[in-house]
Each structure stands twice: as structure tokens, then as C-alpha cells.
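Quick look at what TrEMBL annotates:
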REPEAT    14-99  repeat 'Solcar'
REPEAT    106-199  repeat 'Solcar'
REPEAT    208-303  repeat 'Solcar'
TRANSMEM  12-35  transmembrane segment
TRANSMEM  74-92  transmembrane segment
TRANSMEM  112-132  transmembrane segment
TRANSMEM  171-192  transmembrane segment
Amino acid sequence: MGSEDLKLMDVFSYESLVHAVSGAVGSVTAMTVFFPLDTARLRLQVDDKRKAKSTAAILAEIIKEEGLLAPYRGWFPLICSLCCSNFVYFYCFHSLKDTWLRGHRSTPGRDLIIGIVAGVVNVLLTTPLWVVNTRLKLQGAKFRNEDIKPTHYKGILDAFAQIVQQEGVGALWNGTFPSLLLVLNPAVQFMIYESLKRQLMRGVHRELRSVEVFLIGAIAKAVATTITYPLQTVQSVLRFGQHGQQAEQSKLLSSLRSVMYLLINRVRKWGMLGLFKGLEAKLLQTVLTAALMFLLYEKITSSTFRVMGVKQHVKFH
């Protein structure tokens, strides 16, 4: 069997599929548990005239003004987007790792590069889902910013159709430029996670304890989120599609100017701390979600391999 056949087997392997399904299931479950925190984070990022600053205060406002189920508005499209996105990311990450690291030692640098490549593939394939998800999640919200125009989407398919009809196909990829920059977020997260995992498993042939997986998942996500948060805010505003910037003929130039405009505008309004508006809600939600996701992912993966009688390749020693 030639080397090309071996590479194809790595890309379309049973092991990569198990990792992808485990990552998708873990992330969907974790996000469902902590979904209201994501609602609070998104409101703080997009509705810049809201006075409530803390996560608890903004959730109390949302429930009082919009009803008890309002914090779960947009749950279904977000779960669909998250499931697809994490399936693609985990599949790409582990298949690329199998292909590139055959016979080689895994290092933080290699993990970072593999994470970036997997992130780029993921962004290009799933950005339309995230654009629709952002629109549906904010639909019906009571905004303090009067410039935000209400939308009327009946569901995921109707949102796709209206966006294409009214704004063009390119609008489905709003926020792609900052999203491509933000591939550093999961790449840094996986690099730190895999590095900490290697350190804990060095010289010890055992599965990590649940508390260890939870803690290293939380640490990895906290670092990655804090580093990339200003771009995440810009990404949310661009996906919402009401940032008030004129489009240029060049898509890349338009995206770059939009990113710079939004970053500078936030600094002018609130100073450097304005770039981190909503970080408390984001850290609370994303750290807990990522920690639970990694815990479920590891447990589902190891259980699946054990039940199927397949020996998992060890790549972190």
C-alpha cells in the first residue's frame, strides 16, 4: 500500500469520525447548559447603549422585558451551527494530525499550525450558518440602540432566503475576515489543551481524571478567549449586519476597513476597555462551556473506542 493510500486512510478514518462526533456532541451539550450566558454576551457586544454591565443584570433585564424563555432565543440555529462547526473542526484537526504526525512527535508549534488550518476550513464552510444564527438569536430583542432595524425571519431557511434576496449571497459570509483571524482562538485553545494534556500524561499510561480534563479545558479557553476577544466583538457586529459602514468594491479592503472602523469606534466611545465589553459574560460562558465540552468529548471518545474494541492511537507522549 502506497503512502497516498495511507494518507487517504488517515483523512477518512474511523478514528477521525469518532473524534468529530464526540466533539460535536460534547459542544452541543455544553452550549445548551450554558446558553443563557451566550445570550447575555451577544447583547453586550451588539447593543452598545445598554446600561446593564454584569451578566446577571442583563439576563434579569432580558427575562423581565422579553419573557422567561428569551435567554434561549435562537437556541436551535445556534446548536445546528455549533454541531456542524465542531464536527468539521474536530474532524479536520485529528485527520490532519494523523496525516502529518505519522511517526513524529507532537509539539505545541505543530498543534498550532494544524489548528489554524482546521480553523480556516471550518470558517469557509460554516460562516453562513453563524451569520443566520446571529440574526435569529437577536431577532425580537428589545434593543437600547434605536438605529438597529428589526428583522422578521420565520426560521433558518427563511433567514437564508431573505439575506440572499435583500443583501446578496456575499452577506452570508459577513464577518469572514475577522473569523479567519479568529482561527487563532481554537488553534491557541487546542495548542494549550494538548500541551497541558501531554504534561499531565508524561510517563503515565492512564486516562486523565475528569477534574483534570475540566481544568485544562477551562485554562486553555480562558487564555484563547482573552487574547482574541476584541475581534470576537467585531465578528458579532459584522454578522448582525447593521454596523453602518459603506462597502468598498474590494471585498478584502471592505472587510479590513470594517474591522478597523469598528475597533477604532469602540476605543473612541469607551477607551481601550471598550474592546473588552462583555468579556465577563463571554469568559463565564465560554470557559465553562469549553471545559464541559472537553470533558464530554474525552469521555465519549474513550468510551466509544472501548466499546468498539478499537485501540486509540496515542499522540501526546
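Using N, Cα and C of the backbone, Cβ positions are placed for all residues, glycine too.
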Cβ-Cβ under 8 Å with the transmembrane segment (12-35): same-chain residues at least 6 beyond its ends: 71-72, 75, 78-79, 82-84, 86-91, 93-95, 98, 285, 288-298, 300-301, 304-305, 310, 312-313
Cβ-Cβ under 8 Å with the transmembrane segment (112-132): same-chain residues at least 6 beyond its ends: 77, 80-81, 84-85, 88-89, 92-93, 96-97, 100, 156, 159-160, 163, 171-176, 179-180, 182-191, 239, 241
Averaged pLDDT score, the repeat 'Solcar' (106-199): 85
Helix, strand and coil residues within the repeat 'Solcar' (14-99) as assigned by DSSP: 72 helix, 0 strand, 14 coil
